[in-house]
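> Sending over a structure as structure tokens; questions will come in a sec.
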Amino acid sequence: MRCPFCRHEDTQVVDSRVSEDGAAIRRRRRCSACDKRFTTYERVELNLPAVVKKDGSRTEFDRRKIVASMQLALRKRPVAADAIDAAVARIEYQLLATGEREVRSEKLGELVMNELRGLDTIAYVRFASVYRRFEDVSEFADVIEEFRRASPSKPSRKR
């Protein structure tokens, strides 16, 4: 593999590990020319369905967009990067399991919301507010009330 720093073609694998969700192999590599280290990931290439946007245009499924939108919703929340990767892997699996060649962006948004709901309720509300285009505070209150009904009561934290 070519070194991203000096473009030399001779690199050695220093360490290999299976990722937490088992969907990738993480490799630490060292360049024999410049001695710098870098990380690579080996994943199975999947034929995921094309995404049909609201305007009818089609685009390739882009894992990075899903990760970026989840990271934005999870900003400053105590959720590990591995948990985000695992959630995106579950979304990809669900898309593959349908066997469909296309998926509507609305369906993809719902899958993301379902994963965020399991990871962090604050991130779920953040994402839902943008995805569902909340117009006023009452829509936030409705989502929060939905959570209160669905989950057992927890003692509130005082700051």
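The backbone N, Cα and C atoms fix where each Cβ goes, glycine too.
Sharing the features that Swiss-Prot gives for it:
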- 49-139: domain 'ATP-cone' (DOMAIN)
- 3-34: zinc finger (ZN_FING)
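Can you tell me where each of these features sits in this structure?
Same-chain residues lying 6+ beyond the ends of the zinc finger (3-34) with a Cβ under 8 Å from its Cβ atoms: 40-44, 82, 85-86, 89.
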> So, by DSSP, how many helix, strand and coil residues make up the domain 'ATP-cone' (49-139)?
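The breakdown for the domain 'ATP-cone' (49-139) reads 58 helix, 8 strand, 25 coil.
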